[in-house]
Amino acid sequence: MSYFPWLTIIVVFPISAGLSIFFLPHRGNKVVRWYTICICLLELLLMTYVFCYHFQLNDPLIQLDEDYEWINIFDFHWRPGIDGLSIGPILLTGFITTLATLAAWPVTRDSRLFHFLMLAMYSGQIGLFSSRDLLLFFLMWELELIPVYLLLSMWGGKKRLYSATKFILYTAGGSVFLLMGVPGMGLYGSNEPTLNFETSANQSYPVSLEILFYFGFLIAYAVKLPIIPLHTWLPDTHGEAHYSTCMLLAGILLKMGAYGLVRINMELLPHAHSIFSPWLVLAGTLQIIYAASTSLGQVNLKKRIAYSSVSHMGFTIIGIGSITDTGLNGAILQLLSHGFLGAALFFLAGTSCDRIRLIYLDEMGGISIPMPKIFTMFSSFSMASLALPGMSGFVAEAVVFFGIITSQKFLFLPKILITFVMAIGMILTPIYLLSMLRQIFYGYKLFNMTNSYFMDSGPRELFVSICIFLPVIGIGIYPDFVLSLSVDKVEAILSNYFYR
């Protein structure tokens with residue numbers, strides 16, 4: 001057990017520092033912006049220091065773990081702890097949230113509340129990825145809903161209330177199943193609740209009960225991932241949210257569902273996962289095709305990118321369902337890769353739409369001439385998203401491909417069919433992305449308009465874009481650095497639960 005509460009400080013620091021925003025002097029929004037960015041940077045630097053000097057990569061066990069009694073009547077303990085599975089999402093959270101606060105620079109209305117909500121999300125996300133207690137996991141899962149709902153309903157587009165209501169209904173509805181499963185697992189087999197992951201991992205359940213727990217948790221995660229048909233909140237939410245909120249949604253929120261699927265369903269309910277895995281692979285395969293086809297028909301720029309996110313998350317679902325070292329490592333790599341790419345595409349889409357005051361693709365055209373910097377960055381991230389070799393998207397999807405091909409869970413013919421359908425999805429991806437680029441940037445529609453003047457990307461936008469582009473290239477050239485974070489933990493999960 002860790003003697004110094006590093007993780008508690010990392011989890012609590014953003015939201016506690018965020019409360020001080022309301023006590024800052026009334027001297028304009030600039031003080032609030034710089035204060036929030038400094039808090040996010042300090043948190044990111046603290047994370048990096050702790051993980052570099054106090055975390056052993058070759059140890060698959062929980063590290064930096066803490067255990068403090070909180071609510072004795074429920075045997076509820078504050079139990080943070082990290083391993084190779086959680087370190088990647090935590091660092092991604094710190095990186096994307098810091099850049100999202102910088103992207104939110106133009107927000108001036110109620111900026112104190114806006115930036116506090118972003119810091120509250122920051123704490124909730126890190127708390128979820130570092131929790132090793134079922135009830136703490138659930139509380140952090142729910143803590144995320146309130147800031148997202150307020151950010152949507154107060155700083156969104158014209159249909160923001162509809163989108164925010166749809167978001168809260170879907171996610172809260174999914175959380176009901178999580179709420180039923182957590183005490184069920186904790187109370188089974190003993191009079192006193194056992195909510196920590198280590199005890200639950202050693203607990204055996206009747207197959208029917210394990211399937212019931214698994215299915216309930218799966219519904220909750222399927223909303224956040226999202227898995228079709230529980231995905232319809234996502235395009236509406238992305239279509240109305242401010243682009244800094246979209247960065248957090250696409251970059252981090254979707255990853256919470258996949259993380260829960262691995263951390264709880266795969267690690268704690270292995271027999272049920274083995275039964276459900278073919279259906280997960282089937283759902284992921286259909287999701288790639290369906291979302292890519294639907295994206296091609298979207299005329300709203302943000303909704304097109306939102307459906308591309310749904311399509312790319314299909315690769316993560318396939319990797320998790322493959323039950324192989326390669327497939328699960330590929331799923332984790334795809335999580336991190338899409339975290340960068342999704343955040344970047346929504347940021348660039350938002351800045352572009354702010355400049356031209358248009359959101360529909362059929363009204364755009366010719367923007368590349370007055371805005372060459374945005375055109376260059378948008379094209380580069382689109383190439384990475386369509387899995388261009390040398391970028392993170394290509395490596396992640398290729399590793400998932402190899403994972404499903406080498407899986408012992410499936411016969412030869414089903415594997416051929418799955419890889420064939422995945423290949424079709426990878427062909428559809430460049431079709432809708434290149435079509436989107438053509439509609440926005442090529443032609444002369446807007447360029448020939450009278451009195452048209454569009455300002456190109458400024459230093460702030462360029463800085464955010466380049467900061468995201470560097471890890472995209474880095475992962476594409478040397479993915480082993482990211483894979484080394486999780487490879488030992490992945491082997492431990494699979495060897496302990498499937499190959500014994």
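Just so you know, glycine gets a Cβ as well, placed from its N, Cα and C.
Annotated features, as they stand in Swiss-Prot:
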TRANSMEM  4-24  transmembrane segment
TRANSMEM  37-57  transmembrane segment
TRANSMEM  87-107  transmembrane segment
TRANSMEM  113-130  transmembrane segment
TRANSMEM  167-187  transmembrane segment
TRANSMEM  211-231  transmembrane segment
TRANSMEM  242-262  transmembrane segment
TRANSMEM  272-292  transmembrane segment
TRANSMEM  305-325  transmembrane segment
TRANSMEM  330-350  transmembrane segment
TRANSMEM  386-406  transmembrane segment
TRANSMEM  416-436  transmembrane segment
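Contact between the transmembrane segment (113-130) and the transmembrane segment (4-24) is supported: at least 3 Cβ pairs lie under 8 Å, counting only residues 6 or more apart in sequence. Spatially, the transmembrane segment (416-436) is not adjacent to the transmembrane segment (242-262); fewer than three Cβ-Cβ distances between them are under 8 Å for residues at least 6 apart in sequence. If you look at the transmembrane segment (272-292), the same-chain residues 6 or more away from its ends with a CB under 8 A from one of its CBs are 207, 210-211, 213-215, 218, 227-228, 231, 265-266, 307-308, 310-311, 313-318, 320-323, 404, 409-410, 414, 418, 421-422, 424-426, 428-429, 431-432, 498. Counting residues 6+ beyond its ends, the transmembrane segment (242-262) has Cβ neighbours under 8 Å at 85-86, 89, 92-93, 96-97, 99-101, 103-104, 107, 118, 121, 125, 128-129, 137, 141, 144, 148, 151-152, 155-156, 217-218, 220-226, 234, 302, 305-306, 309, 313, 316-317, 320, 328, 331-332, 335, 338-340, 342-343, 345-347, 349-351, 353-354, 493 in the same chain. Non-local neighbours of the transmembrane segment (305-325) in the same chain are 225-228, 231, 234-235, 237-239, 250, 254, 258, 261-262, 266, 273-274, 276-281, 283-288, 290-292, 294-295, 298, 331-332, 334-335, 338, 341-342, 345-346, 349, 385, 393, 396-397, 399-400, 403-404, 406-409, 418, 422, 425, 428-429, 432-433, 436, 487, 490-491, 494, 498; each lies 6+ residues outside the stretch with a CB under 8 Å from one of its CB atoms.
Listed stretches 4-24, 167-187, 330-350, 386-406 were compared with the transmembrane segment (87-107); the greatest number of C-beta pairs under 8 angstroms is found for 330-350.
Contact between the transmembrane segment (167-187) and the transmembrane segment (211-231) is supported: at least 3 Cβ pairs lie under 8 Å, counting only residues 6 or more apart in sequence.
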